[in-house]
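> Below is a structure I'd like to ask you about.
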């Protein structure tokens, strides 16, 4: 499925301002000010300068929290977003109840204690985010994430993303697959499944094991259209039911 740009000139703007460039600017800015986020339940609150809030928005990290404070802007980050900034980009620190967590392992263990499936979801999130795909929550579409080629203000999301492990019950039967594919197709998205291979149930799911030893397998699943295989169509067309393939574009 080709990118669906939201307005004329959006593609040119995206090419002129790649996400990777904005992320580099954000990384430098947050590191220089030694920005620190505060753990709050299953989110992280980050206080930043107005210019940094604009950079975070350009890079699609977090959501602005409305506040009467004018000097600082408050950004709410998901665990995946916060840990990506903390561990992968090394541009923010994380604190808990006023105490700065000394290393990434402490932060990792806290997030895993709040959300046991965090290792699997972070591995999937960092896999796509490291390839400069923009990820947002896919809750309203019945999936884990939606993936954008660039900022959501410029382009519609191309993929609805489901994260699975080897023992997951999702998409185990054909009816589940067809429902997921039809739902994604109805909102002009391709269903992308990310199979994260590893044992997530053991107590030894530590930081290094997850990030270095676990692997991610990408597959796209699309719906077969019977009208494309009628007798009056070219015999060179090849259709499959359903069409499952590796995501070569990522």
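Placed from the backbone N, Cα and C atoms, the Cβ positions cover glycine too.
As annotated in Swiss-Prot:
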{"type": "ACT_SITE", "residues": "148", "note": "active site"}
{"type": "ACT_SITE", "residues": "156", "note": "active site"}
{"type": "ACT_SITE", "residues": "189", "note": "active site"}
{"type": "COMPBIAS", "residues": "234-250", "note": "compositional bias 'Polar residues'"}
{"type": "REGION", "residues": "225-250", "note": "region 'Disordered'"}
> Counting all other Cβ atoms within 10 Å across every protein chain shown, which of the active-site residues 156, 189 scores highest?
189
> According to DSSP, folded down to helix, strand and coil, what is residue 148 (active site)?
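Once the DSSP labels are grouped into three classes, residue 148 (active site) ends up as strand.
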> Sort residue 156 (active site) into helix, strand or coil using the DSSP assignment.
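In three-state terms, residue 156 (active site) counts as coil.
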> Could you state the CA-to-CA distance between residue 148 (active site) and residue 189 (active site) to the nearest Å?
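Roughly 10 Å, rounded to the nearest whole number.
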> How long is the line from the C-alpha of residue 189 (active site) to the C-alpha of residue 156 (active site), rounded to the nearest angstrom?
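Per the Cα atoms, residue 189 (active site) and residue 156 (active site) stand 9 Å apart.
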